[in-house]
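In what follows, a single structure is set out as structure tokens and then discussed.
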Amino acid sequence: SLPSLLTRLEQMPDYSIFRGYIIHYNLASAIESADAYTVFVPNNEAIENYIREKKATSLKEDILRYHVVLGEKLLKNDLHNGMHRETMLGFSYLLAFFLRNDQLYVNEAPINYTNVATDKGVIHGLEKVLEIQKNRCDNNDTIIVRGECGKCSQQAPCPLETKPLRETRKCIYSIYFMGKRSVFIGCQPQCVRTIITRACCAGFFGPQCQACPGRGQNVCSGNGFCLDGVNGTGTCQCGLGFNGTACETCTEGKYGIHCDQACSCVHGRCSQGPLGDGSCDCDVGWRGVKCDMEITTDNCNGTCHTSANCLLDPDGKASCKCAAGFRGNGTVCTAINACETSNGGCSTKADCKRTTPGNRVCVCKAGYTGDGIVCLEINPCLENHGGCDRNAECTQTGPNQAVCNCLPKYTGDGKVCSLINVCLTNNGGCSPFAFCNYTEQDQRICTCKPDYTGDGIVCRGSIYGELPKNPSTSQYFFQLQEHAVRELAGPGPFTVFAPLSSSFNHEPRIKDWDQQGLMSQVLRYHVVGCQQLLLDNLKVTTSATTLQGEPVSISVSQDTVFINNEAKVLSSDIISTNGVIHVIDKLLSPKNLLITPKDALGRVLQNLTTVAANHGYTKFSKLIQDSGLLSVITDSIHTPVTVFWPTDKALEALPPEQQDFLFNQDNKDKLKSYLKFHVIRDSKALASDLPRSASWKTLQGSELSVRCGTGSDIGELFLNEQMCRFIHRGLLFDVGVAYGIDCLLMNPTLGGRCDTFTTFDIPGECGSCIFTPKCPLKSKPKGVKKKCIYNPLPFRRNVEGCQNLCTVVIQTPRCCHGYFMPDCQACPGGPDTPCNNRGMCRDLYTPMGQCLCHTGFNGTACELCWHGRFGPDCQPRSCSEHGQCDEGITGSGECLCETGWTAASCDTPTAVFAVCTPACSVHATCTENNTCVCNLNYEGDGITCTVVDFCKQNNGGCAKVAKCSQKGTQVSCSCKKGYKGDGYSCIEIDPCADGVNGGCHEHATCRMTGPGKHKCECKSHYVGDGVDCEPEQLPLDRCLQDNGQCHPDASCADLYFQDTTVGVFHLRSPLGQYKLTFDKAKEACAKEAATIATYNQLSYAQKAKYHLCSAGWLESGRVAYPTTYASQKCGANVVGIVDYGSRANKSEMWDVFCYRMKDVNCTCKAGYVGDGFSCSGNLLQVLMSFPSLTNFLTEVLAFSKSSARGQAFLKHLTDLSIRGTLFVPQNSGLPGNKSLSGRDIEHHLTNVNVSFYNDLVNGTFLRTMLGSQLLITFSQDQLHQETRFVDGRSILQWDIIAANGILHIISEPLRAPPTAATAAHSGLGTGIFCAVVLVTGAIALAAYSYFRLKQRTTGFQRFDQKRTLMSWLLASSSPRISQTLCMRPQRRHPQSPPVTPSQTLENRIWRTATLWGHCGPDMRSQQATTVTVPR
């Protein structure tokens, strides 16, 4: 690193005096505190000369400050001609830079030594001390502004471009928390804003404050005043009698120091001006003091020159005197050259031009202006800013010469300047985790990136990401990592009380907690879920429940917050994207820690019933067992499970009749439904996960929800709208986790849902038979592999491989008998008596719910009889045309005869015609006993009969939710709004069952909220009003956890969230519905890392109740859409796949159905091949990953150390540009006491091509690296099982893919063919020694590989400094080999055969050997110094 300022100056002895003054005035710290600086340092000689000339004793501090520019590191190339910069002395003291004859100057001092770098700045050497130039008198005004009101402990920031003062004001602020507004006394910062008004000192003018004209230090020669100031022109306004550019002379005809005396010469030349005395030199022919007397007599008798006058002195003596403008003795006169001496009194920047004898005119030279006596350089900057950009400074550099330099924060040539985008340098001062957005107003806006929060200057990520950044909380983070507590990586919000790192050293119980597996509970006890509690929130909160389940108390003493009355909050409000961190001074200890017995691999040993009995849930456990549900819950197709257990106390508190119902064996089916509602399948949910989802589907089929507590229940969890409270958390058993609750869950639709579980098989991805790819997400391996074709390498296509057969379990929504439609409404007549037991309900999972009535019945609920039928059984009864039947369900079947007719059916005339007096009503019948009886549906005395008002009697037989109306004797019933039916039986209309999701978005759930009413709610990971739903930004990159389950040597990319059903999802063009051609559809799926779904894949989704009324493309140009229930609006009541068939015109416009069974995209890194979930390196790396091949590996590495051919062989295994096939003997076929020659080893590699197992044809030969050939043969056993051999060695495992070839495992090593006899090698002793070391190293390698790899699945692991046994093999001339061997070995695939090591570690005696090599200086962290090898 570069030295500091003082250190660098110490290395420059010629500049030591200036360094001494910096120390004397203590300026180094002030200079070094700036982000950057530039110092102009005069050498020792220059300082000594300056002090001597000024007769001073030392340099003043102001002079040193005048040599320093802060905030910029100005290299020589940055010092532009005409540029100005403020100095450390103040903004009014500027340095100017000029380039003259290729020499760079600062002010008037040449820069002779440049670009001496320091850690933060640069030094330039000078040959002259800079004299302070004070030509600016800028005004520095300040105004006081107030910041925002906030907590006094965390002062609110001042507004932009202001600085805080020490003084603060008391203020009041409020916080709305948990439904209540709290008021606090806070502090408001006083901030100062500095406003600089540029101004020139008196006597200076223009933008750069140049000096006004004048002689010496006198402005306008002291004879006038200057038009000065920033906007001044520098023109002198002369006083009375004065004239000239600098008021340096008198007006014509005036003389004297005040130019107030007038000349009186009439015919002569006056001695005028400030230095004149007013005397007259007379012209030819005139004489006298005023030259007003004409000479008429020549007293000199013609002896005078023609340009002379003959004058008489007082004595009367005549003499000749040259006239004005001439000089001589009078007899000889010559014209005076006024320009002859001192340029005629003109300026040195003027030309003196003779006019008449003795006279001249002064004309300023080109580039200058003035009266000739005073000539000033023309400043082009004063007119039109010298042609410079308005954001540039124009600096005069010579007569009528100027340069343009863009102002700070601007760039360009000065003629055109544009704002510098500050965001391009150091991200504009924004956080590295922020976007810097540049505005045209020379401002930048810092905005934190997604997944970060803050003001843009400081941006923080998740709590899990922020904890390790702070040393005081890093130990808490490492404990979270070590004990797999990953909740804080989730979306939150959380409140974390992070103990100081040092507090872990002061807690003696940590060791016991760790050994008993309790540490994760202790760590969770420091986290409150569901709420982000800032310091002000804590001050008004008394307790909060932690993720561990126990509460912590919160108290305030002397304005300090304490947790559990013991841990002090040291720092607070470290806000992150998913919550807030408060640092506390000690570790918190929960009171109730649950010990969970586990085996050596960390698996929970106790089953559900044991754990339930241990924690007070025996009654619910017994119900599960008695109902036969235990085997269902523990079935592998459902595990892992999350169970909500009502306590024994909660079940005992149920009403007796409900307890009788639960424990009655006759109600086992209903009991199962209750119990299933307490189980979530295929999920082992953490407490923090439960509130994140809007709902959780239960094993019973209905949904339940978990919500966070409100009010005083901070951190508490409740089920189903706070019906049940969580009282125990994280009760682990062998196949899941349980949560204790304080009540039995009751669902409004309970009894109506009878979901079924459908399983079907899907093929997994095709890959190597050794490392067969995992099953897709949400599916499980069935334990069966199928042959398939795949493309493992970029240089090879269509290789036979294997794929897992994977089982997908679908929970199929289904209604119980007597219920129908998606929400399982009861059939007409009720679930217990559907269709009143007089018909069959079209129930289960259909939207119909219609009753198919038995013969004789009709009506919505089969509640009516056919015409002519009566009674509960609607039996037929026939009255003649002369009678009226009392029919219907409640009718008696009796026939009421007309007058004159009788008998049961009114088909017999009466013997005597009845006569009634008075006459009967027209609505009555005169009976045989001469009595009037009102007809059916009428009432009265027979004489007067009125129609019965049936609507007043039991609503006329109509349903309660129907309107009864009557016209005459006819009653009509009509269901009210929101209901449907015949009026006698009405059922609720479910708008969600219209076939088009109730008008909700396809990514929304339609929920019936009442008869004919519904609500649209966007699904998880979508936002909107339900009618329109857009994907929300995922709260967390799924690649951040365990690399998204990708291989360590793969790159993980989080895919855009899609609402999939068994991998199928629907895509629509941004342009709207049905805007995709077949080709565009394929592109749209590809952008989502998906493929176009096949017909079978869409069928699987339909089985999983995927219903979407929108047709889309399928593979092969087919178009279809799925329906799961009959609807006239969607598919014309077709249930299944509505198939439009394969389209001949692929340019038709449809939507598309895509297929993707993964959430992340895994891609093997450069130099690796695979599907991303499994990645293979080069042949050597793959060889190193197999513990069963370590003996051959040892031979290869020893060969590489022994000869150049060995190094070449190793290079073949690591060079990705060279491909080959490697046959490797397993350890059992190559015991440690046997060895291979170099030729033998080369005989195992074919470097001509890559030969897969199916490429090995019976009777063919393969050429090896040695140049020899290998014979391929086949054989079959009695069961016709084929075995392939290479030179008689059976191939045991094959097609193990590497990035540069393929590997086959064989039973025994191959032996190279013999060669001609060779001379014995010399150096036998040395060879033996090397052999001993190599053999022992090989044994060590085998042991190490077994020990290392038996504990974990394969994957390239970095060698540990303390544990690596390989580094002794790494000394090689090939950088590629060293690089390869220093890489981590590949992780062994879980489905690889078990490893049987040839020897065990326990029987080894170890010793230490010195390393032969290392992994290079760039791999020091992986390098070892010693290696242990067995004797």
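Any Cβ shown, glycine's included, is placed from N, Cα and C.
A strand conformation is recorded for C226 (disulfide bond) in the three-state DSSP classification. Counting every protein chain shown, the number of other Cβ atoms lying within 10 Å of the Cβ of C226 (disulfide bond) is 23. The disulfide bond annotation in Swiss-Prot covers C212-C226 (among others).
According to Swiss-Prot, the feature disulfide bond maps to C220-C236 (among others), an assignment based on similarity to another entry. All chains included, 27 other C-beta atoms sit within 10 angstroms of the C-beta of C220 (disulfide bond).
Annotated disulfide bond per Swiss-Prot: C282-C291 (among others), in sequence order. DSSP gives C282 (disulfide bond) a strand state.
Look at C346 (disulfide bond): DSSP puts it in coil. Annotation source Swiss-Prot lists disulfide bond at C346-C362 (among others).
The disulfide bond annotation in Swiss-Prot covers C381-C394 (among others), and the record cites similarity to another entry as its basis. Within its own chain, C381 (disulfide bond) has G206, P207, Q208, C388, C394, T395, Q396, A402 as residues 6 or more apart in sequence whose C-beta sits under 8 angstroms from its own. C381 (disulfide bond) carries a helical DSSP state (H, G or I).
A coil conformation is recorded for C388 (disulfide bond) in the three-state DSSP classification, outside any helix or strand. Annotation source Swiss-Prot lists disulfide bond at C388-C404 (among others).
What Swiss-Prot lists as disulfide bond is C406-C417 (among others), and the listing cites similarity to another entry. Mapped onto three states, the DSSP output places C417 (disulfide bond) in strand. Spatially close to C417 (disulfide bond) yet at least six residues away along the chain are D389, N391, A392, C406, L407, Y410, T411, judged by Cβ distances under 8 angstroms.
According to Swiss-Prot, the feature disulfide bond maps to C835-C851 (among others), an assignment based on similarity to another entry. Every protein chain considered, the tally of other Cβ atoms within 10 Å of the Cβ of C851 (disulfide bond) stands at 27. In the three-state DSSP scheme, C851 (disulfide bond) falls into the strand class.
The number of other CB atoms found within 10 A of the CB of C874 (disulfide bond), across every protein chain shown, is 24. Annotated disulfide bond per Swiss-Prot: C874-C885 (among others), in sequence order, evidence recorded as similarity to another entry.
Secondary structure at C897 (disulfide bond), taken from DSSP and collapsed to helix, strand or coil, is strand. Annotated disulfide bond per Swiss-Prot: C897-C906 (among others), in sequence order, evidence recorded as similarity to another entry.
Annotation for C1006 (disulfide bond): spatial neighbours P991, C992, N997, G998, G999, C1000, H1014, K1015, C1016, criterion Cβ-Cβ under 8 Å with sequence separation of six or more. According to Swiss-Prot, the feature disulfide bond maps to C992-C1006 (among others).
The disulfide bond annotation in Swiss-Prot covers C1018-C1029 (among others) and is backed by similarity to another entry. In the structure as shown, the Cβ atom of C1029 (disulfide bond) sits within 10 Å of 22 other Cβ atoms.
Swiss-Prot lists 296-334 with the feature domain 'EGF-like 1'. Mean pLDDT of the predicted structure over the domain 'EGF-like 1' (296-334): 91.
A Cβ distance under 8 Å defines the sequence-distant neighbours of the domain 'EGF-like 2' (335-376), meaning residues of its chain 6+ beyond its ends; these are 213, 215, 234, 243-246, 248-249, 269, 307, 324-327, 398-401. What Swiss-Prot records for 335-376 is domain 'EGF-like 2', and it gives sequence analysis as the kind of evidence.
The feature domain 'EGF-like 4' is assigned by Swiss-Prot to 419-460.
Residues or ranges marked as domain 'FAS1 2' by Swiss-Prot on the basis of sequence analysis: 460-588.
Here the disulfide-bonded residues are C236, C291, C394, C835, C885, and the one with the most other Cβ atoms within 10 Å of its Cβ is C835.
Residues 268-269, 281-287, 356-359 of the same chain, all 6+ positions outside the domain 'EGF-like 1' (296-334), place their C-beta atoms under 8 angstroms from a C-beta of that stretch.
Of all the disulfide-bonded residues listed here (C226, C291, C885, C1018), C226 has the Cα closest to the Cα of C404 (disulfide bond). Separating the Cα atoms of C220 (disulfide bond) and C346 (disulfide bond) is a whole-number distance of 17 Å. In the domain 'EGF-like 1' (296-334), helix, strand and coil residues by DSSP number 0 helix, 15 strand, 24 coil. Taking CA atoms as the reference points, C1018 (disulfide bond) and C835 (disulfide bond) are 36 Å apart.
Rounded to the nearest whole angstrom, the C-alpha distance between C212 (disulfide bond) and C835 (disulfide bond) is 111. Between the C-alpha atoms of C851 (disulfide bond) and C282 (disulfide bond), the distance comes to 144 Å. The two recorded residues, C291 (disulfide bond) and C885 (disulfide bond), have Cα atoms 163 Å apart.
Take the Cα of C282 (disulfide bond) and measure to each of the disulfide-bonded residues C835, C874, C1029: the nearest one is C1029. Reduced to three states, the DSSP call for C835 (disulfide bond) is helix. Between the CA atoms of C906 (disulfide bond) and C1029 (disulfide bond) there is a gap of 70 Å.
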